[in-house]
Amino acid sequence: MESVGDPRDGPSTERAFEGQPVPPWTEQVTLRAVVASVALGVALSSVMMNLVFTSGIIPSLNISAGLLGFFLLKAWTRLLDQLGSPGRPFTRQENAVVQTCVVACASMTYSGGFGSYLLAMDRKTAEKTSTGDDSSASVSEPEFGRMMAFFFLVSFVGLLAIVPMRKTMIIRHRLTFPSGSATAHLINSFHTPHGARQAKRQVSLVLRSSLASLFWSIFQWFYTGGPNCGFTSFPTFGLSAFNRGFYISLNGTYVGIGMISPHLINVSMLFGSIISWGIMRPYIRSKRGIWYDADLQETNLKSFSGYKVFCAIAMILGDGIFQLVAISLRTIHTVRHHQVAAETLRSFSDVDAMPRPVMSFDDRRRTQVFLREHIPSTFAISGYVVLATVSTVVIPLMYGQVRYYHVAAAYAFAPVLAFCNAYGTGVAETNFSAQYNKLVILMFASWIGIKNGGIVGSLVICGIVSSIVSTASDFMSDFKTSYLTLTSPRATLVSQVIGTAMGCVVNPAVFTVFHHFYEMNPNKTYQAPLAKIYRGIAVLGAGGLELPKYCLAISATFFVLALAVCAMREVAAHGKWRAEPYIPSVTGMAVSFLLVPAVSIDMCIGSLIVFLWNRNDKLGSQVFGPVLASGLICGDGLFSIPYALLARYDVTPPICIRFLGRVQNDKLDAFLASKAKAG
C-alpha cells in the first residue's frame, strides 16, 4: 500500500503549541468533558434520530460536535474564573475528547440501524409493506430493554477490531482520513488567539440559526391541523406538480443537509425524483389492474410500491457491487506496487545516496505522542474474542431466528470488512458500510431461509456487522484527530467507550419516543425510506416475495444502468474528462425513489445557497457555511422530540391552512352554502 501523506509545506502548527506541555491522558478525560459530552450527546442523538426517520441521509456532525464542545467548556471555565475558583486550563486535547465522545454517541443512530435494519424488523413496517411476511417469525418488535442489551453486546467489538491497525494506518501509511483531519485542524485553530475569535463568531451563528430554525418549525406546526395542511404543503409549482410531490417545503433539516452535501448528490437526487416521481410513477400507475392487483394498497410491495422499492434496491446494489470490486482492484494494485517498490529499494540497499523521507517537526512531535502511550494489541484481540464469544451465546437467546453459527460466522469475517472500510475512509472518505450491510442481508437471508425466520435473522446479523464496520471506520478517523491534536490514544479509546456506552442507553430511549408515532405513509413527516429498502432486501434474499409483473425486468434494467453509470464515472475520473463532475451519483438517484421530490428540491435550495455564497465570499462560505447548515439541522431536529410527544398524546394544532384548486374551491363554497341554508 502506498503512503498517503499529509502536506508538510507551510507554517508549522505544533510550533504555536510548543510551549504548552501535553497533559497525561488521565487529565484529558475530565469530569467536565464527560458532563458536556452527555448534554451534547443527547441533543445531537435527537437530531440524528430525526434525520434517520425523515430522509435517511446522515451528514457528518463532527464539526458541530467540536464547535459546541469548545463553546460549552470555554463557557464553563469562564464562569469558574468569574466566580473566583479557576479550574485547570481548557486544552485542545480535552476538546478532542468531547468531540470523540459526542460523535460516538450520536453516530450510533446510523450504525445502530434505528432507521434501517432495526425498524425493518417491526410489525408496523411488515404490515405497511404488506408482503405477507408478517408472521411471528418474520417480525420482531423493538423493545427498549432488548435493544439496549443488544447494543451493549455488539457496539464495543468494532473498537477492538481496529485498534491493532492504528499504527499501520496513521503512522505507516499516513492515511488522511479527511473528516478526522478537518476536525483536528478546526480544534487546533480554536485554541489559537485568532481561532478563538473566529470560533466565537461560529458559535454565535450556529446558535442564531438553530433558534431561527426551531422557531420556524414551531410556527409551521400551528398551521398543520389536518392532512396536507401548513406551509410545508404550499403548491409552489402548481397543484398538478404538488400532487406528484414537486413543491418547496423549506424544511430546515433538508436545506441544511443540502448545504453540507456535495452539489452532485443533491442534483442527482433531483434527477432521480424526476425519473421516478415524474415519469415512472404516472406510467406504472396507468397499468394498475393490468400489471398488479388494483385492490392492493400502494404501499404493498406486490403493487406499485414493489416497482419503486426494488428499482431503488437494484440501483444501490449495482453501485455497491461496482464500488466494492473497484476498491478491491485498487487495493490489490496498491499492494503490488508497494511490493515492487520495496524490492527495488532492497536491490539498491547499499547505495547511501538514496533519498530518504524527512519528517517535519509536526510529524515528529505527533508521532512521538501517538506512540508514547501504548494500547496492547493482545488486549484488543483477546477482548474481541471474549465479546464475540459472549455475543455468540447470548444473541441467539434474544433473537430465536438466528443460530450460534450464524453469529460466529459474522464475527469471523467482520474484521476484514472493517479494515477495508476503514482504509477506504482513510484514503478518500469513502464509507461502504451501507453496501456491506445489504450484501450481508442477502447472504444470510438466503442461508437462513424464509421458513426459519430469515428476514429477521438476516437483519440481526446485519446489525452485528454494521456495528463493527461503521464503528471501526469512525474510531480510526477519531485516532487521526487525536494524532493531529496530540491527544493520547488511550484518552481517545476511553472517550470512545464512554460515548458508545452513552449511545447504548440514549439512542434506544430516543428511538422509543419516535417509534410510537412512526408512519410509513410517504406523505407523512417520518418516511423512514431505509427501513423499506432493508426489509425488501431481506424478503428478496429469503425468497419470500412474489414480485408484480415486469418488476424483475425493470429492476434488472436499473441494475445494469447503475453499473454503466458507475463505469462511466470511473473512466471519466481516470481520463480526467470535463464531463466527470456532471455524471450523476447512482445512490443519490436511488434514495430519491423513496422520498417525495420536495426533499431533493429543498436540498437543491441548500446547494444553491452555498453556490451563490461561494461566488460572493468563498472564504466566508467555507468557514461559516457548514456552521449555518448545522444550525438549521439542529434547530429543526430539536423540535422533533416535542413534536413527537404532541403527536403521541393527540395534541392537534389549532389551525389548518390548505391550498385548493379553483374547481375544488367552488365545490367547497357550494357545499358550505348548502349547509348554511339547511341550518
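The count begins at 1 with the first shown residue.
Cβ from N, Cα, C; glycine included.
Here the structure is a predicted model, which means the values were calculated and not measured.
Taken from Swiss-Prot as is:
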type: REGION; residues: 1-21; note: region 'Disordered'
type: COMPBIAS; residues: 1-17; note: compositional bias 'Basic and acidic residues'
type: TRANSMEM; residues: 29-49; note: transmembrane segment
type: TRANSMEM; residues: 51-71; note: transmembrane segment
type: TRANSMEM; residues: 144-164; note: transmembrane segment
type: TRANSMEM; residues: 211-231; note: transmembrane segment
type: TRANSMEM; residues: 255-275; note: transmembrane segment
type: TRANSMEM; residues: 309-329; note: transmembrane segment
type: TRANSMEM; residues: 379-399; note: transmembrane segment
type: TRANSMEM; residues: 441-461; note: transmembrane segment
type: TRANSMEM; residues: 497-517; note: transmembrane segment
type: TRANSMEM; residues: 547-567; note: transmembrane segment
type: TRANSMEM; residues: 593-613; note: transmembrane segment
type: TRANSMEM; residues: 627-647; note: transmembrane segment
Contacting positions for the transmembrane segment (144-164) when only residues 6+ beyond its ends and CB under 8 Å are counted: 108, 111-112, 118, 375, 377, 380-381, 383-384, 387-388, 390-391, 394-395, 398, 411, 414-415, 418-419, 422, 463-464, 467-473, 475-476, 493, 496-497, 500-501, 503-505, 507-509, 511-512
Stretch in 29-49, 255-275, 309-329, 379-399 most in contact with the transmembrane segment (547-567), if contact is a CB pair under 8 A: 309-329
Recorded stretch, among 29-49, 309-329, 379-399, 497-517, 593-613, maximising Cβ pairs under 8 Å relative to the transmembrane segment (255-275): 593-613
Seg_contact(the transmembrane segment (593-613), the transmembrane segment (29-49)) with at least 3 CB pairs under 8 angstroms, min sep 6: no
